[in-house]
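Lifted from TrEMBL, the feature list:
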ACT_SITE  B:Asp144  active site, proton acceptor
BINDING   B:Gly13  diphosphate binding site
BINDING   B:Thr142, B:Val143, B:Asp144, B:Met190, B:Gly191, B:Arg192, B:Glu247, B:Tyr297, B:Leu298, B:Gln299, B:Arg300  substrate binding site
DOMAIN    B:9-324  domain 'Phosphofructokinase'
SITE      B:Asp115  site 'Important for catalytic activity and substrate specificity'
SITE      B:Lys141  site 'Important for catalytic activity'
2 protein chains.
Amino acid sequence: MAQHNAFYAQSGGVTAVINASACGVIEACRRHSDQIGKVYAGHNGIIGALTEDLIDVSEESDEAIAALRHTPAGAFGSCRYKLKDIETHRAQYERLIEVFKAHDIRYFFYNGGGDSADTCLKVSQLSEKMGYPLTAIHVPKTVDNDLPITDNSPGFGSVAKYIATSTLEASLDIASMCATSTKVFVLEVMGRHAGWIAAAGALAGDKEGDAPHLVIFPEVAFDRAAVMARVEQSVKDYGYCVIVVSEGARYEDGTFLADSGNTDAFGHRQLGGVAPTLAGMVKQDLGYKYHWAVADYLQRAARHLASKTDVDQAYAVGEKAVELALAGDNAKMPAIKRTGDAPYTWTVEAAPLAEVANREKFMPRDFIREDGFGITEECRRYLSPLIQGEDFPPFENGLPQIAHLAKHRVERKLPEFSI
Amino acid sequence: MAQHNAFYAQSGGVTAVINASACGVIEACRRHSDQIGKVYAGHNGIIGALTEDLIDVSEESDEAIAALRHTPAGAFGSCRYKLKDIETHRAQYERLIEVFKAHDIRYFFYNGGGDSADTCLKVSQLSEKMGYPLTAIHVPKTVDNDLPITDNSPGFGSVAKYIATSTLEASLDIASMCATSTKVFVLEVMGRHAGWIAAAGALAGDKEGDAPHLVIFPEVAFDRAAVMARVEQSVKDYGYCVIVVSEGARYEDGTFLADSGNTDAFGHRQLGGVAPTLAGMVKQDLGYKYHWAVADYLQRAARHLASKTDVDQAYAVGEKAVELALAGDNAKMPAIKRTGDAPYTWTVEAAPLAEVANREKFMPRDFIREDGFGITEECRRYLSPLIQGEDFPPFENGLPQIAHLAKHRVERKLPEFSI
């Protein structure tokens, strides 16, 4: 078989294990050097492809690539940049094909969430129309766990483990202090539209009285009186109350509890500050002393506490992407398929991108407890396997070791292109 | 030698390793069962002694006690309760002695920060006056690292490791995203009066351009224009800017950047919300997209990422406390003495409580860089050894295992006492 090059790019918010997927893609490409020549990575995601700013991954040592497995965030740079619809901005899609053609790229691996699955599908469709032989594979990633078909989205399991562990640890702290000091602790977690990450906080406890005592989901309309009644009851019963609240918590009318008023490049509202807002309500309505934490980037970058299951799956979907590409299985996403709960078993299978793009997976209503403040046993059965196992990175001088890449740039062959 | 009982209590804000000190005290007591009969722990700290609410630690299994070494927070309950001055509230001190007498307690181990060192000293002095033979030992603990004499305060090294690691991980995240998204990340850390924890954030990088690009200390008057100029320069030079800011950051006139207006039981102002305040300034003055995190209890409860050095020292001071008590070395604190920097070597020696109580150790001015936004090499040499080594707890079902104590109560022998 003739040798052609591959292109890999990272898209959207990064995770603790997106580089593990990069590692899976690159190592698999290296094992197939008879078919795949060079691997080029987009510097800052798809923007790197549009502007012909390509990193020659072939120049990186095996050691550096192996270290990607335990390095959080996007080693090649990611971006929040959504290609516009193909009818009005066809030039961008054509440019991608031109860049691929100029560098003999026949394999396109796009590592991201729902938006990038959509882009990947469109690139695939256009290349077909233009008669350019490209195999486009979407490698799933998102801490939000909102990709359809796949059992879970790589990146989510590690955030889930971090949030469950942090909730457990912080709850021991407040339990120690509550007799004379803090009575209510609020932890704000990510999850704009879906409460998956908040639900993971509930894994911290499984017995009556265990923290968290309330989980506040975006899926359940925020009712201040009901929440405060529950907080008061928890303080009366257990001496304290631990709340895990999603950044996407909202009122019945859809207004977010904390809306900073800013929007990101995708037009999503930029949120933040639910925890202090909620803590303020507790103080105002009940008078309890409170503490609050906002984990923000710490939760999705916390490779030091990654779930081994998640790392393994992130690597496996990267590896499988290359397998699919080499089989010419175009416009697919390697999806994780759960084959057993206890013990958790899984395989990776190809899902058609047309069924993935622009579909969000929400929490099933029966994953949320009747009262709206916790998870059901069914949800626990789903979530628990995803946080299993530890995969601590090597440490050096007290800190996690990270990959150091040379990032040699590929010589440009085309005229400039402004985005 | 005759057998008498011991009393142990935890005081003030808890840490990831205060239970490791408890473990050190209790295991050492068990090894000296010829001299020390029962170990009683105060339920919720010194309040447990005042109210005669004592936990019979002798009833706990060896396994449960061993598990304290890897369990964060205060397993017996801590409290924010400062005994008033001895002249006006002599009754409280006398009550302590009465309780000790009633339960044949001759060894008093008080595990806390500066305030509890003071209490410990006063109890020792009063027992002497009252002719009751008590040996009072203060076991050092505080994430604030503000205890004098000792090289560092057990609890601090683990927060330092957590903050340095989190700063490193989050900085990789923002570095991945900054081309098209977040340009400034602000991490708020604890440290009301002293910038020790903020300084630890600086361990995340050691080369020009490495994050954090600014550390904001309570010791350096906050100058908005100077800070913003530095943020802008960092974004221009590196594409992004990571800021570690102490909760105690304040203006020239002493006003805190974020002052919630509440005070705790010790009369300290309750702080919080510096990160969003600072992030708001960045948006207002420079227009950059930002993210912010407030680690709060997560940082001091993060036993999953404890420093092995810190765990070892926390255990060692607990062990040494018993040794001092058995030698009748009254009114002392086991202090860590640094005997070498590279490799870091240390011993534990007795420091007189009179020299410890009510003295705060501030950051030496020469630990803060000339420009006020980072640490010096001297500071790095001091801090770096404290985060060395990992001591991951055992995990079970994806979460850290914690000690489960039976907490059998000791039968009361005295009339009630209201505090």
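Backbone N, Cα and C atoms are what each Cβ position is placed from, and that goes for glycine too.
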Cα-Cα distance maximum in Å, computed over every pair in B:Thr142, B:Val143, B:Asp144, B:Met190, B:Gly191, B:Arg192, B:Glu247, B:Tyr297, B:Leu298, B:Gln299, B:Arg300 that the record assigns to substrate: 16
Candidate with the highest Cβ count within 10 Å, taken from the binding-site residues B:Gly13, B:Gly191: B:Gly191
Neighbouring C-beta atoms (10 Å sphere around the C-beta of B:Leu298 (substrate binding site)): 25
Residue from B:Gly13, B:Asp115, B:Gly191, B:Glu247 whose C-alpha is spatially nearest that of the residue listed as 'active site, proton acceptor', among the recorded positions: B:Gly191
Per-residue Cβ crowding (10 Å cut-off), top of recorded positions B:Lys141, B:Arg300: B:Lys141
Of B:Asp115, B:Lys141, B:Thr142, B:Asp144, B:Gly191, B:Glu247, chain A-adjacent recorded positions (C-beta under 8 angstroms): none
Coarse DSSP state, helix versus strand versus coil, of B:Arg300 (substrate binding site): helix
Candidate with sparsest Cβ neighbourhood (10 Å radius) among B:Asp115, B:Asp144, B:Glu247, the listed recorded positions: B:Asp115
Which same-chain residues, if any, lie at least 6 apart from B:Thr142 (substrate binding site) yet have Cβ under 8 Å of it: B:Gly12, B:Gly13, B:Thr15, B:Gly112, B:Gly113, B:Gly114, B:Ser153, B:Gly155, B:Phe156
Three-state secondary structure, B:Asp115 (site 'Important for catalytic activity and substrate specificity') (per DSSP): helix
Pairwise CA distance, B:Leu298 (substrate binding site) versus B:Lys141 (site 'Important for catalytic activity'), rounded so that it is a whole Å: 17
Separation of alpha carbons, B:Gly191 (substrate binding site) and B:Asp115 (site 'Important for catalytic activity and substrate specificity') (Å): 16
